[in-house]
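Single-structure report; data block below.
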Amino acid sequence: MLMPMAMPVSNSSMLSGVKNLQTHMTRYPGVVHSSKQSLQFCCNDRIFLEKTCRTHSEIKQRCRCLPLNSKNKSDYSALPNAHEDEADVSRATLIWRAIKLPIYSVALVPLSVGAAAAYLQTGTFSTRRYLVLLVSSVLIITWLNLSNDVYDFDTGADKNKKESVVNLVGSRIGTLVAAYSLLIFGFIGLSWASVEAGNMRAILLLTCAVICGYIYQCPPFRLSYQGLGEPLCFAAFGPFATTAFYLLLGSARLHILLDKNVIALNFYSLIYNINLGGFNSEIHYIPLTGTILSAPLLVGLTTTLILFCSHFHQVEGDLAVGKMSPLVRLGTETGSVIVKVAVLTLYSLLVALGLCRALPLICSFLCALTLPMGKLVVSYVEANHKNKWKIFMAKYYCVTLHTLFGVALVAGLVAARMLTIRHVPKLVFL
């Protein structure tokens, strides 16, 4: 505070001194040389003083921009040029982001949970059918990612998104053709598995899942722009996909020689026999139990959490193009509360399903071990929901939670089958 007050005094006194020195030089020419040296020293002193004051003023101005009262170092990330390196991201990094490899866990987890639930029920596992379904699911998830980039490019939502496939490739048409080609091949694989298993209910459920993905992002529907993406995601990856994979991997078609048709019904399977010229084709339809009606709810919750958290760093861009995602409507602070409620709901539901024996107790125990990861997701979102640079990583924390929870669920279902005292799920309907 003393420096600005001293400035007028210093300037006026210095000017007065220079004038007196010039008068002294005219009266006493003999000392002109020494006076010139004094004048030069005085001028140099004035220049130094002005530079010092100017520097002080600049420092003071910069300090006004800094959040000095903040205890959180992340507040400094909002300053200009705090993330200049974001503009210099390497092409390899952009390609990695565009591939979104961790996101493909949303294809692996529903399939694996469905397979584990089928193994719990029947004690059988078809490796070939599992691999065909896995490849087909990956192709369909790739269609979702590519078509999403194309349609977000059309609306301008991905205008400044460097890792957008359309921006990287430079061809909208090429990306769109590749996307729908992958969808066709993926659906052919799903159809083959359904025919091979002889279960048409499964292909109907998978068709519903694909339709959810289409109306989520593709014109003329684009329900994600109305904030309906999360319910569609929950239905597609939870009840539809997980249940369908359970039906496909639990059903079996056997060809045996019988003298007459036999229709048998036991606790585990419904067998239809169709006479085909002396050979009977047996189609084993696996029943729907409390386990397979419960597990997809957990899978749907963790998958939806990934989608929800992916919106945090895109609020400004979504708002600019009219994409009314839940976080655009509610704000990031309310969104962080919703994340906390969602994680609490996930583990509360897990405990409830274990206590009512819809899930094996070993399954509930193993899934409960992922609780620290759930707490990490909640704390990270609460701490960084206002920082769009840091909150970008929230969806990857959710992917980790989704993967760990899925692995624990699969391990629990498999372990329940292998235990001596086996968990016998309650039959709901066939």
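Quick reminder: no glycine exception, Cβ is built from N, Cα and C everywhere.
The feature transmembrane segment is assigned by TrEMBL to 101-120 (among others).
Positions annotated as transmembrane segment by TrEMBL: 129-146 (among others).
Look at TrEMBL and you will find 173-193 (among others) tagged as transmembrane segment. Same-chain residues lying 6+ beyond the ends of the transmembrane segment (173-193) with a Cβ under 8 Å from its Cβ atoms: 129, 132-133, 135-140, 142-143, 146-147, 149-150, 165-166, 202-203, 206, 210, 248.
Taken from TrEMBL, the feature transmembrane segment applies to 200-216 (among others).
Residues annotated as transmembrane segment in TrEMBL: 228-249 (among others). The list of residues near the transmembrane segment (228-249) in space but at least 6 beyond its ends in sequence, with Cβ under 8 angstroms from a Cβ of it, reads 106, 110-111, 113-115, 117-119, 125-126, 129-130, 133, 137, 193-194, 197, 199, 201-203, 205-206, 208-210, 212-213, 215-217, 285-286, 288, 292-293, 295-297, 299-301, 303-304, 307-308, 325-326.
Taken from TrEMBL, the feature transmembrane segment applies to 261-279 (among others).
Here TrEMBL flags 285-309 (among others) as transmembrane segment.
Per TrEMBL, the feature transmembrane segment maps to 330-352 (among others).
Per TrEMBL, transmembrane segment is recorded for 358-378 (among others).
Positions annotated as transmembrane segment by TrEMBL: 399-420 (among others).
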Between 101-120, 129-146, 285-309, 330-352, who has the most Cβ pairs under 8 Å to the transmembrane segment (358-378)?
330-352
Positions on the same chain near the transmembrane segment (129-146), where near means CB under 8 A and six or more residues out:
100, 103-104, 106-108, 110-111, 115, 165, 175-176, 178-180, 182-183, 185-190, 192-193, 196-197, 210, 213, 217, 241, 245, 248-249
In terms of Cβ proximity under 8 Å, which residues at least six beyond the ends of the transmembrane segment (101-120) contact it?
130, 133-134, 137-138, 140-141, 145, 237-238, 241-250, 286, 291-292, 295-296, 299, 302-303, 306, 360, 396, 399-400, 402-403, 406-407, 409-410, 413-414, 416-417, 423, 425
